[in-house]
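**Q** Feature annotation from Swiss-Prot assigns ATP binding site to Gln32, Ala50, Pro51, Thr52, Gly53, Ser54, Gly55, Lys56, Thr57; the stated evidence is sequence analysis. Annotation source Swiss-Prot lists domain 'Helicase ATP-binding' at 37-201, citing sequence analysis. Summarising the annotation, Swiss-Prot assigns domain 'Helicase C-terminal' to 235-431 and lists sequence analysis as the type of evidence. The feature motif 'DEAH box' is assigned by Swiss-Prot to 146-149.
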Amino acid sequence: MSKGLYDIPSWATTETRTLAKLAGVERLFEPQYMALQAGVEKGENLVVAAPTGSGKTFIALVAIVNSLARAGGRAFYLVPLKSVAYEKYTSFSILSRMGLKLKISVGDFREGPPEAPVVIATYEKFDSLLRVSPSLARNVSVLIVDEIHSVSDPKRGPILESIVSRMLASAGEAQLVGLSATVPNAGEIAEWIGGKIVESSWRPVPLREYVFKEYKLYSPTGGLREVPRVYGLYDLDLAAEAIEDGGQALVFTYSRRRAVTLAKRAAKRLGRRLSSREARVYSAEASRAEGAPRSVAEELASLIAAGIAYHHAGLPPSLRKTVEEAFRAGAVKVVYSTPTLAAGVNLPARRVVIDSYYRYEAGFREPIRVAEYKQMAGRAGRPGLDEFGEAIIVAERLDRPEDLISGYIRAPPERVESRLAGLRGLRHFILGIVAPEGEVSIGSIEKVSGLTLYSLQRGLPRETIARAVEDLSAWGLVEVKGWRIAATSLGREVAAVYLDPESVPVFREEVKHLSFDNEFDILYLISTMPDMVRLPATRREEERLLEAILDASPRMLSSVDWLGPEEMAAVKTAVVLKLWIDEASEDTIYGEWGVHTGDLLNMVSTAEWIASGLSRIAPYLGLNSKVSHILSVIARRIKHGVKPELLQLVEIPGVGRVRARILFEAGYRSIEDLATARAEDLMRLPLIGPSTARQILEFLGRVDEAREAEAREMLARKGLLSYLEGDAVAGEEGE
């Protein structure tokens, strides 16, 4: 037995052995072996606390295949982010080779659970599924919670805690498995879910950690080493040293702007050394990325060609994917990123550099948490490629290296603590208990509340629960009937569309001041909702935003009491949404307001969900059907980013906002207009190639014509069509 590696035990189940064979796993990592010993195959609840890259995903797969074989039912794998969901979907494809259908569920909160035995979902989506399908909890045989330490996140924590508590309270006997790389109080989390601990510090690639100051690397063991000063810029010299040794570097920095600036500087200095044919292939892919402002796509393409890239949440998914693939392939040697990458996709590097241990928000700065440092440092070391990984935290001029060593390298991550105490989280939690059942006793609410992490750590928050129930009652979402609480029709609808309960009083107040005949008013309403992702407005933008209000909705200035930072952020969000539904391009929106495509797509997705949800609850607030219809249409326009006349066309698969406008301007203004369109005519239009023409014709039920048109186009591309047609004519003449 090599250190940390174990043979698959003879007592492992057939399902585990089959999975290992298909996955190419010949020997088990230490945490994997420990999980088998702890009973992961037998349905034991577990908390697995082990470093990044130590095989936690395989443990999850073992739990899934054994649980489904043993008990049937369904398996859910929960993640905090959509990007992680898509990454896991790819790595879980092995399940299809075991006859298990896999689905991903991250979107519409109104949809029920997908029909598949294995589902990957975000926390929020699974929470909504429990509300839409109350019986689901009893049919889940295993629930895997990735990043279970997220229970201490202010935003997602209450949602995750609510999910686990309701699963513990359900009549079913689902196996619960929590996974984390940073959970120092794993024992307490295990006690919460009634499970065992699998705790290991073993890594497939050993980690070396240092503090960098004045071109010296300080080790926790007391070692000291000089870093060659080649470029006189520490990020370049630290990256270049790793590259020289056959590695790659991942540099985490505190802002998007700095990530871009450093990447450009690195490309100028290192580009000639790092450029390669493979890098140019990925560069070409980046330049063709869909949905990205041309300036951003071209900028990133030029950097990738030089073997350098940057990565942040503002990039569209297509560009983020290209950067990630180029880095994994080794075509890009250095990526400058914001810390969001550390919490998202798995992208390891030989050397990780933490450019600053501060974060900057609203003009203030504060040190990052130890858990955040550990998350970034955990990306160091590529399994199968590196003998070791290095994590380097950069000291400031007045820092003492030993303080950073004790404060970050040697320090344990912060305890995982419940965030359920806030009224907002508790209101959401309680409505999620009451609405699916229709009516419950206060004792039932206290029973589920007693199964929360908060209750374990601090006791049952009876006073806060009472205040939360009072709010829900005052807003018309529940009725208190002695010792029982019943959901109203409004409450059930709010729970079903998954809106924050506070949306109801906000909606009631805002409708007093707006006109539903004014699109900007409606978009401002959406932007004020508690769930909305708002765009912060800078001081320089405030004058332009006031002008926008005067142009779009002059009476808003008299109806809004105060335009502080939150209100200005809502105005900016409404302005950008108005541009979007008026078909402004991503380039225009980025150029005018500096909104990156990734942020725009996130905002659009949230706004569409809120608008749709408001359209559903409007009748329960006494608003007429016209209001519901207007909000429903606005929701569809936000989803597709179009003016009203294109709503029919964008429903056709493959026809987005740009192609829909092209079809409209060419005279195809409705489905009826397209019913008689010839494939050849469609393919002559800009951006309507054979594939899109085929999708249009198939949508119209003209399948044979679609296939024939695509075949003719392929022959034409190969230069065979004229030859075949000429041959056919010759044959006719011969007859």
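Residue numbers in this text run from 1 along the chain shown.
Quick reminder: no glycine exception, Cβ is built from N, Cα and C everywhere.
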**Q** Do any residues at least six apart in sequence from Gly55 (ATP binding site), in the same chain, have a Cβ closer than 8 Å to its Cβ, and if so which, in order?
**A** Leu28, Phe29, Pro31, Gln32, Pro204
**Q** The record names Gln32, Ala50, Pro51, Thr52, Gly53, Ser54, Gly55, Lys56, Thr57 as the residues that bind ATP; what is their largest Cα to Cα distance in Å?
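**A** With Gln32, Ala50, Pro51, Thr52, Gly53, Ser54, Gly55, Lys56, Thr57 as the binding residues for ATP, the largest Cα distance is 13 Å.
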**Q** For Thr57 (ATP binding site), which DSSP three-state class applies?
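**A** Its secondary structure by DSSP: helix.
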**Q** Hey, which of the binding-site residues Gln32, Thr57 is the loneliest by Cβ count within 10 Å?
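**A** Checked Gln32, Thr57; of these binding-site residues, fewest Cβ neighbours within 10 Å: Thr57.
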**Q** Starting from the ATP site formed by Gln32, Ala50, Pro51, Thr52, Gly53, Ser54, Gly55, Lys56, Thr57, give every other residue of that chain whose CB sits within 8 Å of the mean position of their CB atoms, in sequence order.
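**A** For the ATP site the neighbour list reads Phe29, Pro31, Ile59, Ala181, Pro204.
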**Q** For a quick check of packing: other C-beta atoms within 10 Å of the C-beta of Pro51 (ATP binding site), how many?
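**A** Within a 10 Å radius of the Cβ of Pro51 (ATP binding site) lie 21 other Cβ atoms.
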**Q** Based on DSSP, name the secondary structure state of Pro51 (ATP binding site): helix, strand or coil.
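**A** In the DSSP reduction, Pro51 (ATP binding site) maps to coil.
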**Q** Using DSSP, would you call Gln32 (ATP binding site) helix, strand or coil?
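**A** Looking at the DSSP assignment, Gln32 (ATP binding site) belongs to a helix.
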**Q** I'd like the number of other C-beta atoms within 10 A of the C-beta of Gly53 (ATP binding site), please.
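**A** There are 22 such Cβ atoms around Gly53 (ATP binding site).
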**Q** According to DSSP, how is the motif 'DEAH box' (146-149) divided among helix, strand and coil residues?
**A** 2 helix, 0 strand, 2 coil
